[in-house]
Amino acid sequence: MTSIELLSPLIHDKFRFSTCCSTSSLLYLHASSFFRDRSFGFRQNPNRFVSNSSIQLPQSVPGSINQERFNLWQGFSRKKSTSSSRTIVNCQEGDQKASSSEGEGKTNKDKGRKQGKNELWWSKGKKWQWKPIIQAQEIGVMLLQLGIVMFVVRLLRPGIPLPGSEPRTQTTFMSVPYSDFLSKVNNDEVQKVEVDGFHVLFKLKDDGNLQESETSSSSIKLSESSETMLRSVAPTKRVVYSTTRPRDIKTPYEKMLENNVEFGSPDKRSGGFFNSGLIVLFYIAVLAGLLHRFPVNFSQSTTGQLRTRKSGGPGGGKVSGDGETITFADVAGVDEAKEELEEIVEFLKNPDRYVRLGARPPRGVLLVGLPGTGKTLLAKAVAGESDVPFISCSASEFVELYVGMGASRVRDLFARAKKEAPSIIFIDEIDAVAKSRDGKFRMVSNDEREQTLNQLLTEMDGFDSSSAVIVLGATNRADVLDPALRRPGRFDRVVTVESPDKVGRESILKVHVSKKELPLGDDVNLASIASMTTGFTGADLANLVNEAALLAGRKSKMTVDKIDFIHAVERSIAGIEKKTARLKGSEKAVVARHEAGHAVVGTAVASLLSGQSRVEKLSILPRSGGALGFTYIPPTHEDRYLLFIDELHGRLVTLLGGRAAEEVVYSGRISTGALDDIRRATDMAYKAVAEYGLNEKIGPVSVATLSAGGIDDSGGSPWGRDQGHLVDLVQREVTNLLQSALDVALTVVRANPDVLEGLGAQLEDEEKVEGEELQKWLNRVVPSEELAVFIKGKQTALLPAQASSS
């Protein structure tokens, strides 16, 4: 249950914004970072693998042992390529591709050989140098190729085991004629036979004793050299004979059954097509995981080459992800900030106009503003308007687990910008790496962040004066930035991107309506909608237009009417009305009187203060934001930048009007419905006493600054002091102010009992009252004398009890 007033922001919000001390949530841009190149060379000598210790026998011997030799060789060499002509760079691509900062953009062959990836790890001067030999992507390629080789080998030679198969006793394969196999079967010398089509493998019964095998095998006569080789391996290996069955001869299964010979097909568990396929799939999965973690753009001629595009050129330099080009015509409501950046773009396009007058471009421009005000949109407009390379990065991409990686990326980033000068570097959310190093905003020291910041400071102050490289930084926390980064020479300009005023909001609405080609109804006036949206940022207005279009489409309308925009504003402020959750019984009656109390007190305040808006709508339909009721007071038609003391007192009384109505109607039996009202009133009263200096006892003192011990050059407090007695005094004054506001609200409610009860009953029945029906009741409201005294600032002697106590 809340009372929501769309009045202009309070003065303290404006002051905090102007000093860039807002701690609002951050606005993140999907950007990227550069990753430092590492050139490498990889040459692997051929490795020879003799499967199962095959033995080379003379070809003249009929039973010569078949030799199995496999030569595996892997080599990787990559060629350098020149940088492309397109010039919008996303640093995340650079991070994922790891391009060489020293080798890019060189078309000369001699220069291209330097730091090349096809070099060995030693230099031409025969001096050993350590360089990374292999990268994650190439490990995956090696695994994939190795898996393919093993798969092909297993298909060709099914007897060879693959990695992951069951361990086997080392075996020596000997090839013999098929006639010898038949002879051994007939002589009952065969123990086991494995038949795989025309290929037959068999083992003799005396395989355990090599000497016996040699003497009993009459049909297999080996030379002396072969016998010597067999004796050297026989104690640890078994002998398996292989042969090939002719097509017109059958396998002697009857004789093998008669001799109790164990026969069957080969054991496929150690290989076979299925297991080989699983192994290959495993290697492919490993490669896919590596490529997902370290993506590679195969469309480029070089793996580490940064993808570039010409901004604003014929190639369609488009920054946004959907391919849409952003220009300054798409930016509205921030004319001052746009003018500053247009001057920078003009300098890059026509530098002679400024150079002949002795002017130099600003080294850096820092964009500061609340989230949603358009800092990133301005940077995109610069990329779309400028005809120079535009490199965008997020500051968080510079920070890595390993110390030194961030500084390396900063060096690569600025090295590329210098090569392509004139160019622009945009670093979004720069406070991620540029926080103050004095420990005030860092509870724990971080060497990686400090080294990255030091490298950033060095690069920004080390530009050649003739190279037009401009750095754009964006942040909504300028108060935490290191002073060394904000000084002239690094960030020469600090551009504040503020929330738009009424004219700016109208311009923003026109831009979004025209871009979406939104069909508007005849009753839509964008100027009036801009008046209803005081305090909205550019992002809020863009969302408002989209919500209005969605609401119109939900009702199958052909145009977007004014009522759609009004409902969209209400959704943005109070949330979405719940369709199923409805208040019933006593709760519904309490909420109706509560909202009627806000309306009665707010109308009484508006009658005493000129230029104040009146209540236009009451609702007791629960909303998604948790509010059970809704009182809508539109903002004034003109933007307000100051809040006077009488207006502040009037807001306090209006906020506590709902609680006062509950006390009067239900004779002190109050509910918890005033939770949000009390929070907002307490915050407003505390700032009036402790920050605005609107209390006579405290005086014009900033309690926070006094308690902290002053403000240093960076805008923070150097040390803190215990000011317990001052805090107690502030708490007492805040309590007195809130109690006085509640007492005044009670007097207003008691002065208008008929209006309170009649309006509350109608709201309870209809759940929503607005327009002429609401104004009929509110026109009968009469302000009390105590309200007039309180609004004028005469806080003392409001009630007899307070007068006697004072």
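Placement of Cβ uses the backbone N, Cα and C atoms for every residue, glycine included.
Taken from Swiss-Prot, the feature active site applies to GLU595. Classification of GLU595 (active site) by DSSP places it within a helix.
Annotation comment: Swiss-Prot describes GLY369, LEU370, PRO371, GLY372, THR373, GLY374, LYS375, THR376 as ATP binding site, evidence class sequence analysis.
The Zn(2+) binding site annotation in Swiss-Prot covers HIS594, HIS598, ASP677, and the record cites similarity to another entry as its basis.
Per Swiss-Prot, region 'Disordered' is recorded for 84-116.
Summarising the annotation, Swiss-Prot assigns transit peptide to 1-62 and lists sequence analysis as the type of evidence.
Summarising the annotation, Swiss-Prot assigns transmembrane segment to 133-153 (among others) and lists sequence analysis as the type of evidence.
Marked as transmembrane segment by Swiss-Prot: 271-291 (among others).
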Measuring Cα to Cα, how far is THR376 (ATP binding site) from ASP677 (Zn(2+) binding site) in Å?
35
Fewest other C-beta atoms within 10 angstroms, as judged across PRO371, GLY372, GLY374, which are the binding-site residues:
PRO371
Please identify, among the recorded positions HIS594, GLU595, HIS598, ASP677, the one with the smallest Cα-Cα distance to LEU370 (ATP binding site).
ASP677
Nearest to LYS375 (ATP binding site) by Cα, among HIS594, GLU595, ASP677 (recorded positions)?
ASP677
Cα distance, HIS598 (Zn(2+) binding site) to PRO371 (ATP binding site), nearest Å?
32
Measuring CA to CA, name the entry from the recorded positions HIS594, GLU595, HIS598, ASP677 that ends up nearest THR373 (ATP binding site).
ASP677
Taking the Cα of GLY372 (ATP binding site) as the centre, which of the recorded positions listed as HIS594, GLU595, ASP677 lie within 10 Å of it?
none
Please determine which of the recorded positions listed here (LYS375, GLU595) has the lowest count of neighbouring CB atoms within 10 Å.
LYS375
